[in-house]
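Asker: Quick one: the structure is below, and I'll ask about it shortly.
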């Protein structure tokens, strides 16, 4: 499963109402660290395709959701399970850090 883009309008359907845990990458095109973490997020999406959904949301184009979740710096990666935010990772982190965080929420 590839990474899909979500918007303010599709966030509830794609993230909150999803049965799988969802990794949400809050990013913007001008953000250097966001571009650095993007390949890591893509690799995670491939490796965990049967157990999680991975989505990206452009904070410039979708300010409502970014404000709702208090996004102050990007990249911010949030994990949602059963419609609730269960964890947050801020900044461009190594794949190992992101994987170990995700593993806590995969049953």
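Glycine is no exception: its Cβ is also placed from the backbone N, Cα and C atoms.
Keep in mind that this is a model prediction, so the values were computed, not measured.
According to Swiss-Prot, the protein has these features:
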- 2-107: domain 'Thioredoxin' (DOMAIN)
- 25: site 'Deprotonates C-terminal active site Cys' (SITE)
- 31-34: disulfide bond (DISULFID)
- 31: active site, nucleophile (ACT_SITE)
- 32: site 'Contributes to redox potential value' (SITE)
- 33: site 'Contributes to redox potential value' (SITE)
- 34: active site, nucleophile (ACT_SITE)
Asker: Distance between residue 34 (disulfide bond) and residue 25 (site 'Deprotonates C-terminal active site Cys') at the Cα atoms, whole Å?
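Answerer: On Cα coordinates alone, these residues lie 9 Å apart.
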Asker: Are there any residues in the same chain, six or more apart in sequence, whose C-beta is under 8 angstroms from the C-beta of residue 33 (site 'Contributes to redox potential value'), and if so which?
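Answerer: Expected: 74, 75, 91, 92.
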Asker: Near the Cβ of residue 31 (disulfide bond), how many other Cβ atoms are there if near means within 10 Å?
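Answerer: I get 19 for this one.
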Asker: In whole Å, how far does the CA atom of residue 25 (site 'Deprotonates C-terminal active site Cys') lie from that of residue 32 (site 'Contributes to redox potential value')?
Answerer: 14
Asker: Ranking the recorded positions 25, 32, 34 by other Cβ atoms within 10 Å, which is at the bottom?
Answerer: 32
Asker: What does DSSP say about residue 32 (site 'Contributes to redox potential value'): helix, strand or coil?
Answerer: helix
Asker: Counting by DSSP, what is the helix, strand and coil composition of the domain 'Thioredoxin' (2-107)?
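Answerer: For the domain 'Thioredoxin' (2-107), the helix, strand and coil counts are 37 helix, 27 strand, 42 coil.
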Asker: Across the domain 'Thioredoxin' (2-107), what does the mean pLDDT come to, as a whole number?
Answerer: 96
